[in-house]
């Protein structure tokens with residue numbers, strides 16, 4: 001007779017448990033058994049919103065080296081850590097963000113302030129300044145590869161993605177070829193007497209570029225036809241512009257009237273959205289690579305991060321030592337923001353103020369996402385929404401914001417009274433978006 005032995009396995013010995021893991025508990029999911037689930041969830045959402053503000057420490061560090069105001073910032077397209085900065089002292093520094101070191105330093109790149117920077121490929125850099133010269137640099141070299149002399153002081157520069165062409169802004173927009181010492185094309189408007197302050201190529205349609213000028217104009221050019229295609233006159237002049245990386249027809253303008261305007265270039269009769277929050281002139285703006293948010297900096301000494309489609313309640317960054325912000329930039333991984341200001345420092349900020357830097361485990365990531373979804377679900381609650389929206393502002397900014405709101409309210413009351421005491425139908429109210437564009441020139 002054959003004996004058969006039965007092997008018994010201890011299933012508990014094969015379960016993968018770690019120290020600190022919660023004990024598995026079976027739970028009845030019947031909603032009738034949990035009458036206070038919504039109250040508990042609201043309390044968790046409120047605590048999550050408070051914790052998000054408690055751990056909001058956005059400042060990461062500062063990149064030093066300039067002895068005067070930082071005028072312009074530029075990032076390398078295929079690198080996460082390479083950024084260049086140009087200053088009023090005529091110097092250009094190429095930084096490594098991850099190591100916080102200088103890759104290259106050009107203390108006398110230009111005579112006078114550097115007004116424009118852009119990368120031209122892997123290891124080349126274009127710079128321009130008020131000394132009427134454009135210089136092409138090899139990042140590892142102290143001498144320029146080429147110098148392009150101009151007739152006027154340059155205010156901005158941008159390189160095309162696909163070809164060896166770049167555009168400069170002075171009293172007119174000029175198209176240059178890296179292999180030639182003179183501009184190959186001059187793009188002007190027939191009746192224009194403006195000074196171009198900023199020029200940018202479209203990120204998708206590389207033959208289209210846009211510019212803003214001192215005479216409150218916003219102009220679109222096509223280098224294939226060699227002329228200006230559309231030109232609109234705004235109520236106040238714009239200081240900077242930035243093309244959306246995900247929607248090729250969307251463009252953002254930073255204006256002198258404390259606002260940012262998002263336009264669809266197919267319909268330039270009115271902006272698609274107005275972003276209000278700054279209390280002084282907005283000097284710079286830049287989109288995140290994801291296209292879901294953008295950063296702006298202004299003379300109110302604050303850096304603000306906006307969500308696309310939400311024209312209010314931005315994230316506000318500030319320090320006691322930071323002066324007027326002249327340039328802002330999103331890194332290529334959308335995790336960090338850079339700002340250059342009058343005090344000569346390039347500051348590094350978190351893209352999300354309460355984000356934890358370093359290694360995050362799967363459990364921590366799940367908890368972070370759960371708390372974020374809770375806050376998003378309960379953000380319409382009065383207490384949760386107040387915690388989410390409230391931001392600490394410096395006293396001068398708070399006072400200026402209060403004064404600005406008072407002035408806007410008095411203006412609204414004045415217009416309402418004027419409309420009330422005029423003949424019916426003689427004066428019709430005009431929306432804020434319709435007031436931005438004064439005329440389109442062709």
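Even glycines carry a Cβ here, placed using N, Cα and C.
As given in TrEMBL:
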type	residues	note
REGION	1-28	region 'Disordered'
REPEAT	107-147	repeat 'WD'
REPEAT	275-316	repeat 'WD'
REPEAT	318-359	repeat 'WD'
DOMAIN	352-437	domain 'Sof1-like protein'
REGION	410-442	region 'Disordered'
COMPBIAS	423-442	compositional bias 'Basic and acidic residues'
**Asked** Can you give the mean pLDDT for the repeat 'WD' (107-147), rounded to a whole number?
**Response** 91
**Asked** Are there residues at least 6 beyond the ends of the repeat 'WD' (318-359) whose Cβ is under 8 Å from a Cβ of it, and what are they?
**Response** 51-53, 55-64, 66-75, 77, 79-80, 83, 85, 87, 95, 97, 280, 283-290, 293-299, 301-303, 305, 368, 393-394, 397
**Request:** Pull the DSSP breakdown for the repeat 'WD' (107-147) and write it out as helix, strand, coil residue counts.
**Result:** 0 helix, 22 strand, 19 coil
**Message:** What does the DSSP secondary structure composition of the repeat 'WD' (318-359) look like, as residue counts for helix, strand and coil?
**Reply:** 0 helix, 17 strand, 25 coil
